[in-house]
Amino acid sequence: MQSSHLKGMFLLSLLIISILHLTNSEQLTANNHVFLFDPPSLTVAVDHNTTATIQLVSEQDESVNVLFVYGLDRSPSTDYIEPLKPVHFPRHLTPMQIVLQISGRRPGHLIVGCNATPSLNGNLTERDFLRINIARSTKLNRLINIVGWLYFAAWSCSFYPQIVLNIRRQSVVGLHFDFLAFNLLGFFCYSIYNIALYSWQDVQDSYRKSHPHGVIPVLVNDVVFGLHGFIATLITIFQCLFYDRSTQRVSYITSILLVLSVLFLTITTIVTAVGRMDLLLLIYFYSYVKLIASCIKYIPQTVMNHQRRSTEGWSIGNVWLDFLGGILSLIQMVLLAINYNDWSSIFGSITKLGLGIVSMGFDLIFLVQHYILYKNTKKQEHGYQVLDNNEQPTSSVPT
């Protein structure tokens, strides 16, 4: 790996972090709401009950009656849950919380909004809502959580077989540096995207304006996974600096793509820093670069294995764990669709589904290369580096 690429991403990370201090966050407080639901989002199973509370935020000069409406069309009725009874807030009696009894009827997702009489602050109450997920089964919900943690563990552990293999061989010959370069860029952008959506108030506010009833699509395990992947890739790159690497280097084409990507992100970050572009759009740009890097990062390694007629130096353990994580991820998506009767959650996220299929497709290619096409090709034995067919093997063991 060339140090200039690492320096470029380091400077870019400093620039994107500085934006957090240059922008003025508008904290989301009770002043932004007429009503507050607690919790703002909940899950209940069919034929099961749970509770939430609704609070009138500011004191009113007259009593307030609230009728509940359902869905994006604000219908007065629903069959997803038992319709909620109207509530009454006496005047000059705030803060006051009223408990809502919620009973699941059929699986799905539901937005519960408010219609207040008299009208409060115009139509402001339209952004005060309760999000309810109605599950088919609580047992299936637990299974979904277990599967989620299993694929998180599989993907998190997938970095280490390659690191261990490099240590055992004291060599990185056979591991394509282009893969590491794209992986580093991808996890750098993925970490910026996750951290921004998870913890930056400006980004979250922009997201809520664009998706009034949406859920922030990043959890803490997404943040941890992205940072862990970035650090693990850095460790592998440092191994490339000290272990035997023969004549391997990052290709010119990949170097050009990396420079263009870093240049693009740097320019858009500066434009955002001076207030000429929305911060959320910038974060989306980082995610797009991550998607592109994920789509092409396996190609150089696939071609290299074919040219060498060998997979020596490329950890098959990494491939198995990545493939297992992909399978478990798809299983979880199907279980979620079944449990919430929401098949659009699969086909509505073509990018996520497509990336998973592409990744598992390359995993299958690597498995075929390792176990079928090149299984009898052993160009790497203990103490010897992998060489091209025209080169002579030389010992790499210190004497």
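Cβ atoms here come from the backbone N, Cα and C positions, even for glycine.
All annotation found in TrEMBL is predicted automatically rather than curated by experts.
It should be emphasised that the depicted structure is a prediction, and the values quoted were computed from it without experimental measurement.
The signal peptide feature in TrEMBL is assigned to 1-25.
Under the heading transmembrane segment, TrEMBL lists 146-167 (among others).
Taken from TrEMBL, the feature transmembrane segment applies to 179-200 (among others).
Sequence-distant neighbours of the transmembrane segment (223-243) (same chain, 6+ residues past either end, Cβ-Cβ under 8 Å): 1, 6, 152, 155-156, 159-160, 162-163, 166-167, 169-172, 175, 177, 180, 183-184, 187-188, 190-191, 193-195, 198-199. Feature annotation from TrEMBL assigns transmembrane segment to 223-243 (among others).
Per TrEMBL, transmembrane segment is recorded for 250-273 (among others).
TrEMBL lists 279-299 (among others) with the feature transmembrane segment. Residues 19, 23, 178-179, 182-183, 185-187, 189-190, 192-193, 196-197, 200, 202-203, 206-207, 210, 261, 264-265, 268-269, 272, 351, 355, 358-359, 362, 365-366 of the same chain sit 6 or more residues outside the transmembrane segment (279-299) yet have a Cβ under 8 Å from a Cβ within it.
Tertiary neighbourhood of the transmembrane segment (319-340): same-chain residues 107-109, 133-137, 140-141, 143-144, 147-148, 150-152, 154-155, 157-158, 161, 346, 353, 356, 359-360, 363-364, 366-367, 370, selected by CB-CB distance under 8 Å and a gap of 6+ residues from either end. For 319-340 (among others), the entry in TrEMBL reads transmembrane segment.
The transmembrane segment annotation in TrEMBL covers 346-368 (among others).
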Counting only residues at least 6 beyond its ends, the same-chain positions whose CB falls under 8 A of a CB in the transmembrane segment (146-167) are 175, 221, 225, 228-229, 232-233, 235-236, 239, 243, 313-318, 321-322, 324-329, 331-332, 335
Residues outside the transmembrane segment (179-200) whose C-beta sits under 8 Å from one of its C-beta atoms, at least 6 past its ends, are 1, 5-6, 9, 12-13, 16, 20, 25, 207, 216-220, 222-223, 226-227, 229-230, 233-234, 236-237, 240, 250, 254-255, 258, 261-262, 265, 279, 283, 286-287, 289-290, 293-294, 296-298, 300-301
